[in-house]
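Just dropping this structure here.
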Amino acid sequence: MRGLLVLLSLACLANAQHQALIDYLERRLLAIEDRISLWHEQITRYASELRELKQQMVSQLENLDKEKETLRTSLDSMGSRVDRVERELDYLETQNGAQPCVDVDDKLIEQQVTLVQEKQKAKYFKLTDCSDMISSIKAMKILKRAGGPKGMWTKDTSGSSKKVYIFNGTAEDTINEFASVQDLTRSQGFSLSSDLKLPSPWSGTGHVVHNNQVYYVSQAEEITVVKFDPRNNSVTDSAVFPLQDHVPVYDLTPETLMDLAVDEEGLWAIYATRQNEKHISLAKMDANSLDVEQMWDTNCPRENAEAAFVICGTLYVVYNTKQPGRSRVQCVFDVNDMVTTEEAPLIYFPKRYGSHSSLKYNPQEQLLYAWDDGYQILYKLVMKKKLEI
């Protein structure tokens, strides 16, 4: 009997030890599971942080690439500006005689003085095969009256956009931009327009928009052509026009000291100086660098002139006639001597309100964008070949 009790006691003790071992193992397993769960959370967090770090590094690398490209573009632009400044300094040196204390070779001075004369006498080599000239004005369309008596309106002459740009006045700094001619027509004043703030006021009415760039004339101490990108509101380039003693280009628009124009050949500048103050001068400019490539003194008088424009390398100057509200092309100058005033057709503008403060030719549409006493007007042109005369 005593032996049976001992056996039962031993069996109970074994069961208790077995249960204790099982409880211990369960606690250890739970602890291991908790640690594994913690490790999993930490690994997940570390992976997320690594992904975020990778995205930040990729973004920073992209920004560095953009800044590198911007810096390269700025350096290229700076190099171009330095070259232009050197050329302008060379030109200015030709305008000033040698100082008394400096011994300079007379032949060298003569060579420098003739640089501008060569630009005026050199044969012009056309960039295109355009040989059109105006035959007549087919139609006139008055869109509306928006703005003051003098101003300028135009579209991008390259045809890259339908937007319309309004330069209201002769000394302002905010352009009114419309999405289309239709928006301009149905707008109450400038209510449907967006404002483009320029870094400096424009001067006169001689401005153009070409290849998504606004070219405007600014006058402080000197006449400067400013190239402005309306897409990012920044100045792309600027250049001082390399001539002094400017006088108003047109007798009837004295606010305009320089009139920029665009035709099939590119960018032109119409101007006048005291050295040749009775007549209008013409210069071909590089639209990219704003360099002056060639210059001409024309026989077109400034007196009674109201505006001008260029088509296929031919300058057309518009004069006010004795008849109220009537104007006509009274002087023609062709840079290749293919057309003369005597050979050109008589071109009269339909009766209007006053005189043109600006006339801007669009080579893509063969239209003239005119500003007449606050009215925005379109003239449809009929063309013919110069060789048909």
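Every residue gets a Cβ built from N, Cα and C, even glycine.
Where the annotation comes from TrEMBL, it is an automatic prediction and has not been curated.
From a predicted model like this one, the values you see are computed outputs, not experimental measurements.
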For which of the residue intervals 36-95, 96-155 does TrEMBL record coiled coil?
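Here TrEMBL associates coiled coil with the stretch 36-95.
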Tell me, what is the mean pLDDT of the coiled coil (36-95)?
78
Across all protein chains in the structure, which of the disulfide-bonded residues Cys130, Cys312 has the highest Cβ count within 10 Å?
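The most densely surrounded of these disulfide-bonded residues is Cys312.
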